[in-house]
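These notes concern the structure reproduced below.
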Amino acid sequence: MESRLARLTTLQVTAGDNLRRTSIIGTIGPKTNNPEVLVALRKAGLNIVRMNFSHGSYEYHQSVIENARKSEELYPGRPLAIALDTKGPEIRTGTTTGEVDYPIPPNHEMIFSTDEKYAKACDDKVMFVDYANITKVISKGKIIYVDDGVLSFEVLEVVDGKTLKVKSLNAGKICSHKGVNLPGTDVDLPALSEKDKADLRFGVKNGVHMVFASFIRTAQDVLTIREVLGEDGKDIKIVVKIENQQGVNNFDEILKVTDAVMVARGDLGIEIPAPEVLAVQKKLIAKSNLAGKPVICATQMLESMTYNPRPTRAEVSDVGNAILDGADCVMLSGETAKGNYPINAVTTMADTALIAEQAIAYQPLYDDLRNLTPKPTSTTETVAASAVAAVYEQKAKAIIVLSTSGTTPRLVSKYRPDCPIILVTRNPRAARFSHLSRGVFPFVYEADSVADWTEDVELRLKFGIEKAIEMGVMKKGDTYVSIQGFKAGEGHSNTLQVSNA
């Protein structure tokens, strides 16, 4: 069996003609919100469209959804998934008097107040903060960050129920409507603001496939979101964004109830010391891998490509190392939303992923995942893991999975086969959200069901084989592994077969 070190000594240094297994998420903004550009992004490697609900009107987001669907008409290809990223509960400062900025020096003492009379009258003496309980949760000596850490303050005194006395730790400007972070302080904000609830209802109505849920702190936050999505949104996948210390502390419980995870390093790097984000990223990805929950790595991955046609070497290493850590997906934000080189950014990410994936020693990784997964596993997971074992023993070229719900291909992906996973499904939603799982290539089988179950299975397998051959994954005579159910419906994928194309 090839070790990781042995693998690295024979690593190809070019992308070659391999199939990329890591999915790419791109935020859609003014530079990319039209069908033709979306087609170009998809051809470059985009799998999931992200809408950032911190910005834009419903009319704008509606246009993104419509343009994404038009791009599929122009370029059928594989299904495109659409994600709604919530704004999330947040703390912000008020409006400055006259809407002007007020400079402050280091060691400047001032007041933070929750009194509404200062909401539109902030200056260098008093700053309004819209979190009523801030005086209850914070204590003397704690740090407060404003404007993503551009300004730092130390709490000198909790004066009363509405007032904090603080001291600036650096020079800066007091500006309107800036975000506030309370690192090391547990806050009791609700899981969803009223805006978030309305946004989720918009997502349900318009058929989004997944929700990226911001600032998740507890497992109950996830259950609250599921409740708001309701019966009509029961098939929407929830991807929790871990971006504060509470989320990190409660991650094990959160992981049990979420569908997938995003390591959102932007706010996380404000809430905890930046060097610690490295360890947190690796830990959360590893735990997600073991749980078989897809995991996304996000924020500033190719930030310089917002304005430059080429990335920094550090950015390329960041993308590659996230994939080596075990990320199923990597994400672009401003690079595709407002950047000057959105297609270049996706192409760069795709090329980097291809090379990074070649550095993975897949069989030792499979052994680790199998050995560390608690037993007994479900029947579906046992079959999924056995399919991957069969791939290594038979040197199979592909795993073809016939699935209704999309659960089986996700569990096959967990065990990281060194070949593509071809998903054949009649469920378009399952095809779309399967992009969250590394190595899954979804195809929607549109032919009507055949009354004879065995014949129907054979027809779908034939379809999967044809797609694998079209992709160049295998040729006639090659060995493949297949998983299918013994009868119709969800939850019956327990039949494994090794065959030749």
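Just so it is clear, glycine is given a Cβ too, placed from its N, Cα and C backbone atoms.
If you check Swiss-Prot, you get these features:
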BINDING   Arg50, Gly266, Asp267, Thr299  substrate binding site
BINDING   Asn52, Phe53, Ser54, His55, Arg92, Lys178  ATP binding site
BINDING   Asn52, Ser54, Asp85, Thr86  K(+) binding site
BINDING   Glu243, Asp267  Mg(2+) binding site
SITE      Lys241  site 'Transition state stabilizer'
Specify the secondary structure state of Thr299 (substrate binding site) as given by DSSP, simplified to three classes.
coil
Lys241 (site 'Transition state stabilizer') versus binding-site residues Arg50, His55, Asp85 - nearest by Cα:
Asp85
Among the binding-site residues Glu243, Asp267, which residue has the largest number of other Cβ atoms within 10 Å of its own Cβ?
Glu243
Same chain only, sequence gap of 6 or more: which residues have a CB within under 8 Å of the CB of Thr299 (substrate binding site)?
Ala264, Arg265, Gly266, Gly269, Met331, Ser333
Compare all C-alpha positions of Asn52, Phe53, Ser54, His55, Arg92, Lys178, the record's ATP binders, and send over the largest distance in angstrom.
18
Return the maximum Cα to Cα distance in Å (whole number) over the record's substrate-binding residues: Arg50, Gly266, Asp267, Thr299.
18
By CA distance, which of the binding-site residues (Arg50, Asp85, Thr86, Glu243, Asp267) lies nearest to Arg92 (ATP binding site)?
Asp267
Count the other Cβ atoms sitting within 10 Å of the Cβ of Thr86 (K(+) binding site), across every protein chain shown.
25
Going by DSSP, give the three-state secondary structure for His55 (ATP binding site).
coil
Would you count the other C-beta atoms found within 10 angstroms of the C-beta of Lys178 (ATP binding site) for me?
20
Those residues of the chain, 6+ apart, with a Cβ under 8 Å from that of Arg50 (substrate binding site):
Ile25, Gly26, Thr27, Ile28, Ala83, Asp85, Phe212, Met331
Inter-residue Cα distance where the pair is Thr86 (K(+) binding site) and Asp267 (substrate binding site), in Å:
14
For the C-alpha pair, I'd like the distance in angstrom between Lys178 (ATP binding site) and Glu243 (Mg(2+) binding site), rounded off.
17
